[in-house]
Amino acid sequence: MLTRLFVTGTDTAVGKTVVSRALLQALSQNGRTAVGYKPVATESKETSEGLRNQDALILQASSSIELNYQEVNPYPLQGDVIHACTDTLINYEKMTEGLQCLSAKADTVIVEGCGGWKVMMNDQRFYSDWVVQEQLPVILVVGIKLGCINHALLTAQAIINDGLPLLGWVANRINPGLAHYAETIAMLRDRLAAPQLGQLPYLPRPEEKPLAKYLDLTAISG
């Protein structure tokens, strides 16, 4: 089993946090200490303890060892992904230091991205440049909706073009009323050059549900 995994998505709001939580649960059930890391988190809210992001809080709660919030999310940003990531100075070295600290504490670190694969940072570099720098193998979350086949194939190709291994992909049913759901999954299986690691059904409040049962990590457990 690899010690560091990066979770990206075909778009924003496709279920990266839900799948990251499922991965953390599955790894913990297999006897590994697994922690979540979301270096950059947008749409954070002001609280009595400072800025907090809901996705990062879910990763913190789902980690198998106790972590403080700053370890999970060193950059909690207000606003949407476009403005937050371009208006705030993001230090890639700080992101790397956080990853190294968590790697020293846990068997596996699940790193969750921000938005999709090609998100621009404030210095005109892509977030994916940092992923390439750290040589993180990637798991792709495909939010099953109209247009997702195109988004998935383009994202997968971009990851491969950046020289990183695409370990696998996970389908997340974000639209319970989508027609031709089974056909969409079948086409993704045929077209994506990586194994399917799981399929999450549409679930109300998935952050409160056991999710490991929807994954099969056999393909990346060697």
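Heads up, the Cβ atoms here are built off N, Cα and C, so glycines get one too.
Because the structure is a prediction, the values reported are computed rather than measured.
Taken from Swiss-Prot, the feature active site applies to Lys38, supported by sequence analysis. Around the Cβ of Lys38 (active site), the number of neighbouring Cβ atoms within 10 Å comes to 27.
Residues annotated as Mg(2+) binding site in Swiss-Prot, with sequence analysis given as evidence: Thr17, Asp55, Glu112. Other C-beta atoms found within 10 angstroms of the C-beta of Glu112 (Mg(2+) binding site) number 28, with every protein chain shown included. In three-state terms derived from DSSP, Glu112 (Mg(2+) binding site) belongs to an extended strand segment.
Under the heading substrate binding site, Swiss-Prot lists Thr42, citing sequence analysis as support. Annotation note: Thr42 (substrate binding site) sits in a coil segment as assigned by DSSP.
The ATP binding site feature in Swiss-Prot is assigned to Asp55, Glu112, Gly113, Cys114, Gly115, Asn172, Arg173, Pro201, Tyr202, Leu203, Glu208.
Taking each of the binding-site residues Asp55, Glu208 in turn and counting other Cβ atoms within 10 Å of its Cβ gives the largest count for Asp55.
The shortest Cα-Cα distance between Tyr202 (ATP binding site) and any of the recorded positions Thr17, Lys38, Thr42, Asp55, Glu112 is the one to Thr17. Of all the binding-site residues listed here (Thr17, Thr42, Glu112), Thr17 has the Cα closest to the Cα of Arg173 (ATP binding site).
Listed binding-site residues: Thr42, Arg173; maximum Cβ neighbour count within 10 Å falls on Thr42. It is Gly113 that, of the binding-site residues Gly113, Gly115, has its Cβ surrounded by the most other Cβ atoms within 10 Å.
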